[in-house]
Amino acid sequence: MAKDVEVAERGSFSAKDYHDPPPAPLFDAVELTKWSFYRALIAEFIATLLFLYVTVLTVIGYKSQTDTAVNADACGGVGILGIAWAFGGMIFVLVYCTAGISGGHINPAVTFGLFLARKVSLVRAVLYMVAQSLGAIAGVALVKAFQKSYYTKYGGGANELSQGYSTGVGLGAEIIGTFVLVYTVFSATDPKRSARDSHVPVLAPLPIGFAVFIVHLATIPITGTGINPARSLGAAVIYNKKKAWDDQWIFWVGPFIGAAIAAFYHQFILRAGAVKALGSFRSNPHV
């Protein structure tokens with residue numbers, strides 16, 4: 001009797017109280033026939049447009065408020081802290097608004113990481129990246145249209161490697177910064193975590209926004225903080241200066257490497273994807 005109870009108890013603890021979504025197919029042509037897919041593309045485009053518009057305006061506004069050449073207060077403006085809040089706050093708001101429509105990626109690196117984890121198909125991943133990049137270009141174009149006199153004078157919000165830092169340091173900052181962001185995305189949206197911590201009402205966009213905020217505090221002095229290839233591309237296209245284009249590769253290679261590492265770490269180490277694929281390493285209790 002006691003043995004039966006023990007077996008029943010053991011079984012009750014092994015039962016899963018969450019459901020992992022099935023892996024997305026590599027190619028899913030059916031998506032192209034659904035309105036929900038195009039609605040998601042529009043959501044990614046508009047969200048990235050709004051993200052770049054608000055954040056680049058914040059950067060330019062800060063530089064104009066602290067320009068001593070026009071008798072501005074060198075200690076005025078929102079400061080690096082305010083810029084970091086603008087980026088993190090906008091991600092929080094926009095992910096909250098679009099998560100139920102497109103997943104709220106707003107970043108090709110996030111999309112790439114989710115693709116590697118088979119959360120989205122190749123078709124969706126590629127078209128999301130296109131929509132995000134076009135949205136970023138449109139957002140920065142609006143900034144230039146409304147603030148043309150300040151836009152070029154104060155750098156156009158373009159990402160560039162800061163003077164005094166080597167290429168390796170800049171690349172490393174982008175890799176680690178994007179790892180933090182994409183790792184947070186995986187953790188905040190993990191169905192297993194949601195089931196385990198169901199008593200803790202954590203809103204997924206909140207930690208994601210805080211990750212963006214914290215990474216900006218650390219890396220603004222180094223690269224201006226990319227961790228989002230669409231953000232860097234949009235500013236480079238509209239600003240269109242040599243330095244921004246020379247450094248552009250850093251803001252694609254770094255984030256994609258960081259996203260790939262985060263996807264591997266979460267899926268194959270924390271979630272034991274490799275163990276599940278190769279079979280459990282747990283010892284047989286009857287041996």
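Placed from the backbone N, Cα and C atoms, the Cβ positions cover glycine too.
The transmembrane segment annotation in TrEMBL covers 37-62, 74-101, 121-143, 164-186, 206-228, 249-268.
Panel annotation: around the transmembrane segment (121-143), residues 24-29, 31-32, 37, 40-42, 44-53, 56-57, 60, 102, 105-108, 111-112, 114-115, 151, 156-157, 229-231, 233-235, 237-239 of the same chain, lying at least six beyond its termini, place a Cβ under 8 Å from a Cβ of the stretch. Residues 80-81, 83-85, 87-89, 91-93, 95, 106-109, 158-162, 165, 169-170, 173-174, 177-178, 180-181, 184-185, 187-188, 247, 250-251, 254-255, 258 of the same chain lie 6+ residues outside the transmembrane segment (206-228) yet bring a C-beta within less than 8 angstroms of a C-beta in it. Against the transmembrane segment (164-186), stretch 249-268 has more CB pairs under 8 A than any other of 37-62, 74-101, 249-268. If one looks beyond the transmembrane segment (37-62) by at least 6 residues along the same chain, the residues whose Cβ comes under 8 Å of a Cβ in the stretch are 31, 77-79, 82-83, 86-87, 90-91, 94, 97-98, 101-106, 124, 127-128, 131-136, 138-140, 142-143, 147, 150-151, 154-157, 230-231, 234-235. Residues 39-40, 43-44, 47, 50-51, 54-55, 58-59, 61-66, 68, 203-206, 208-214, 216-217, 220-221, 225 of the same chain sit 6 or more residues outside the transmembrane segment (74-101) yet have a Cβ under 8 Å from a Cβ within it.
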